[in-house]
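Feature annotation from TrEMBL assigns domain 'UvrD-like helicase ATP-binding' to 2-294. Annotation source TrEMBL lists ATP binding site at G23, V24, A25, G26, A27, G28, V29, S30. What TrEMBL records for 252-551 is domain 'UvrD-like helicase C-terminal'.
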Amino acid sequence: MREWSGPAAALLDGPRGKWRVTGVAGAGVSSLLVDTTVQLIRDGMDPAEIMVITPAKESASRLRRELIAQLDGNYVSEGSLVRSIHSLAFALLRQDRPARLITGAEQDAVIRELLEGHAEEGRGTWPPEHRPALKMVGFARQLRDFLLRSIERGLGPEELIEWGRRFDRPVWAAAGDFLREYEQVSSLAGTQSYSASELVTAALRLPAQDLGIKALIIDDAQHLDPKSAELLARLMEQTQLSIIGGDPAQSVFHFRGANPEFLQKFPVDHEVVLAESFREPTRKIAITDTSASQQALVADTIRRAHLLEGVEWCDIAVIVRSSGMIGPVRRALLNAGVPVHLNPTDVVLSEQPIVAGMILGVRALSTELSAADLESLLLGPIGGADPVTLRRLLRGLRQFDFSRRAIDVLREMIAVDYPFDRGELGGKLTERELDILERIRTVLQAGHHARAEGQSVEEVLWALWDATGLSDRLMAASLRGGAAGSQADRDLDAMMTLFDAAGDYAERRPTAGIDSFIRHIAEQELPTGVRDRRGVEPDAVNLLTAHGAGGQEWHTVVIAGVQEGTWPSLGETGSLFGQEELVDLADLDIDPGLPISHAADRLAEERRLFHMSATRATGELLITAVESSDSDTELEPSRFLDEIEPPEEHHHISLVAEENADDDEISAAVRVLSTSSLIAELRRAVSNPDLREDFRSQAARQLARLAAAGVPGATPEHWWSTTEVSEHELLDTREQIPLSPSKVEALQNCPLNAVLSRVEEEEETPIHMLKGSLVHAFAEALARGADQDRAAELVSTAYENLIRVPAWQRELELAAWQQLIDTTARWVAARAGGYELLGVEVEVDVPISDEVRIRGRMDRLDRDPAGELHIVDFKTGKNKPSDKAMADHAQLAVYQLALSRGALNDGRVTAPAPGQDTATVGGAELVFPAAPAYGKAGVRQQAPKTREELAELADSLPALADQLRGPRLLARINPNCPNCPLKPICPVQSEGKMSTDV
């Protein structure tokens, strides 16, 4: 036990009465309360007569572990020595009636279901301006928070309705009506279900009872809401000793209804103030120039603390402001080989990858999965495929049956009744791909078998899980530790939580099936509470939000992403329902009609939250932020940083030092302490001809040393580099290459894109291409004399079935579509007055030379009164080229070339027959019905090409045709590069360069 002096020591010497213990962060308030509890037991008090209360179960677990460690198993108790306030309230209720605790995720799902019924059936008394939002997740979230704050203050449906009418707040009255309906629905379940906030209010309604408690010790009292404080004050009247402990400066849960008034103002007999903190870490503020630099710095700091200073992984923490920042930091740490532990309650259960895979597996037992879901199933824990293997598998299935999409063949093959035969696919799939196909069939068959036998929710879930064989694999990875081990820990925790949820669900609804359970889990939008079964903390770095860091300490703490606009976060809580006005009315009797600004209060709470986070370290504290004006959004460090260190003492750090930087600048660059980072930096130095020669030589020597020591990746023999082409055969061996006019334009822009874009795999044709096809079909139908109204009806119906957009956007899309076809119809009608229609969708096949022929289709071909032919091409986009650019429009120029070398025969443009004259070209034009001007379709014209211009174009075609032959393809920078899907493999783009290119 620790040694205490002054008033703190008196607390260990047979104390009685009411005490208040406060102190700064790290001063030992919690430690003093633990030592007091231990001393009471050693002095002979029965542990069953002592109750230690905390605001949350996480802090209760921490205190319980410390008490167990100090008591060393020498004492036993009939009940739990340490409880959260909600556990206490639940125990009191269970003595009076059957009760069940409902999780926040479950309550949120129930509220959203009721609101959906209100929206569809027009129920409820919601104001008209709120009705459109009833189905939105954000509305349900704010309503739930509003009701929780109301319940915490003892307000029921009647009070909310009455206050709503008295203070002209119709949304409060509507929320009161909703709360009444919610309570009625909950009571129909038989056993009353309570949220954490409802537990305390319900416990206060019970008559006071003597629990036989002699000592009541309360920790972190600054986090208690008023009703929790009222319940504890009632219990304190029965005790010989009551201690209230906490730190008002760490009051950061006002948005959850917490109020430090109980800690600060409750009358006591004795007061202990611990003013000196025992935490004296070294502090450093680092400002980086990019988010990548910041993440690299965080990973490097953690690795150095562990590898060089011997700090255990579990004694390191990374703190961020909000849960949305956890994902990027976690990925950066795992990539650097740092094991990471997340609080399971920070992640929605259905969003855990392994749980999402199991949900898909269960859904596949009864419904047909979409193509995207089926691919996710294969890539998840059930399929076990990686993206490359999946692509190869689908390619093999396409070869197996060319008449259907590969994903449809796959869907058929995994069906339970499909006669699967490995030998039948042996020539199309590798053993690895066959194993994946057989694995997913085995897993789904196990689920089908369990389901057909009518097994319980847990048994069907277990049948699927057991068939995956992941239990042993994840357990082995977990025991090995490291980054992979921490991920395995997370997956196992998620599965345990899923099975816990299945057991609870089956207990509440014995007749419910697996499908309803999966819907129940999938509909949850909030993190799910988990049962803590861990005997020890995982050996991994703790990654958590600032609010989750309270009451804990670590040797090394990194607070990442302390940006202005993020920290402080000054957004108002529950503004839709006037939540803060309700709290002010209930707590302070302030009329909600009075204009009151809470900005100063929110800023003060954000400051307390930051300083609470900054006091979690005992050895080393690093605070990071990004300062950059080059990004899309200007990034600025938080104003709070200057309260830790003056700006001139902040360290400015970049990810990679400039090549001409001096030694100080190079030393300030972030170098992640990992083997892969070191080898990558040395390889960059050796391969960079612009670097100083002594740098390159030294890098080569160090690589040689690492290679001699057997470090993977250090020897050049292991550097993957394809410097020679792997294929020497031509892609097209025909003597005469057919070129379409659009292909000529694509080859002029970039041969690489022109060739590879045609092999890029797309599951579905893009909507803009389908839209263009419908407009072309409509224009063709009108030109051929079809009834305009009937043609418009057919293409409009087809378009309505194609678009997949939200309801609010659908009306805009259909209105734009109607305008598009109306403009097209007006253009076709106007065109008929001055031109003779020769054909639509006119086929073109004209030889230009021995090496090239032009092959394609013209949207429309007309003849003017002078006998000259005019080419028309419809474009459904809105971006029209300039008049100057039309002179060089390659597609139209190639059509002109084909007409000038050919003749119209039987509705086709072909080589002229002997003695037949070639066509006389009067020009070409692009028609843009989607970009009308003064109600008419936009038109861009290309003047007739001269004989010399056409000859020059014809001479350039053989070289373009050779680009199609390969095997080498030329990549050329052009205006279409920003939207090109081939950028990741394009050698002229930075992201497409090979690893050996510098």
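Placed from the backbone N, Cα and C atoms, the Cβ positions cover glycine too.
Summary of the ATP site environment: with the site residues G23, V24, A25, G26, A27, G28, V29, S30 set aside, the chain residues having Cβ atoms within 8 Å of the Cβ mean position are S31, D247, L274, S277, F278. According to its DSSP assignment, A25 (ATP binding site) is coil. Averaged over the domain 'UvrD-like helicase ATP-binding' (2-294), the predicted model reaches a pLDDT of 88. Residue environment of S30 (ATP binding site) contains 23 other Cβ atoms, counted within 10 Å of its Cβ in all protein chains.
Within the same chain, residues at least six positions away from V24 (ATP binding site) with a Cβ under 8 Å of its Cβ are D247, A249, L274, A275, E276, S277, T615. Cβ neighbour count within 10 Å across all protein chains ranks V29 highest among the binding-site residues A25, A27, V29.
Counting only residues at least six positions away in the same chain, the Cβ atoms of R2, L274, F278 sit under 8 Å from the Cβ of G28 (ATP binding site).
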